[in-house]
Amino acid sequence: MGTAHVSVLGEDGSAVAATSTINTPFGAMVYSPRTGILLNNELLDLCWRSPPGSSVAPPPIPGERPPSSMVPSILVNAAQGSKLVIGGAGGELIISAVAQAIMNKLWLGFDLQAAIAAPILHVNDKGQVEYESNFSQEVRKGLQARGQNQTRRLFFLNVVQAVSQDGSCVYAVADPRKGGEAAGY
């Protein structure tokens with residue numbers, strides 16, 4: 001909601017995967033009239049150190065950085081002349097969604113559109129496996145047989161954006177879970 005990702009592949013083969021965030025919707029809700037920038041509230045992510053029930057965040061520790069789920073990635077296979085530029089938005093779901101899109105494309109042979117659109121699993125901070133409603137029943141049964149606690153998550157707000165090059169063919173895909181489209185030269 002406060003994060004955006006863009007994947008770029010240039011005609012010359014250069015690649016950029018860039019993710020930016022203001023953390024939560026409207027960030028810190030502070031606008032700088034001088035710069036025109038809405039300020040982020042990333043320091044809220046340090047609150048995990050607060051004792052349960054505390055309403056006051058502890059002061060930052062020198063050198064401490066807030067945790068991040070951003071995974072802008074560029075994968076290259078020079079021998080096959082292929083490249084995958086990928087990343088996403090969606091808070092805690094980013095790593096799960098991007099990793100599964102990469103596995104779908106590289107390991108399972110999905111085309112890029114199907115790799116990104118495929119339903120995902122996510123392990124939440126309580127150790128529960130959350131799944132999209134149309135996720136594979138077979139996989140879910142296998143997880144259940146292994147004692148995994150599962151729950152259906154109503155909304156998956158992850159959004160993966162990617163561009164790939166396989167030889168001379170270039171494919172750009174925007175996640176169908178959220179409005180947007182891929183564009184190219």
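Using the three backbone atoms N, Cα and C, a Cβ is placed for every residue, glycine included.
Matching Asp45, Asp125, Asp166 to the L-glutamate binding residues that TrEMBL gives (Thr21, Ile22, Asn23, Ser68, Ser69, Gly91) identifies Asp45. Counting other Cβ atoms within 10 Å of each Cβ, the lowest count among the recorded positions Thr3, Thr21, Asn23, Ser68, Ser69 belongs to Ser68. A helical conformation is recorded for Asp45 (L-glutamate binding site) in the three-state DSSP classification. Among the binding-site residues listed (Thr21, Ser69, Gly91), Thr21 has its Cα nearest to the Cα of Thr3 (active site, nucleophile).
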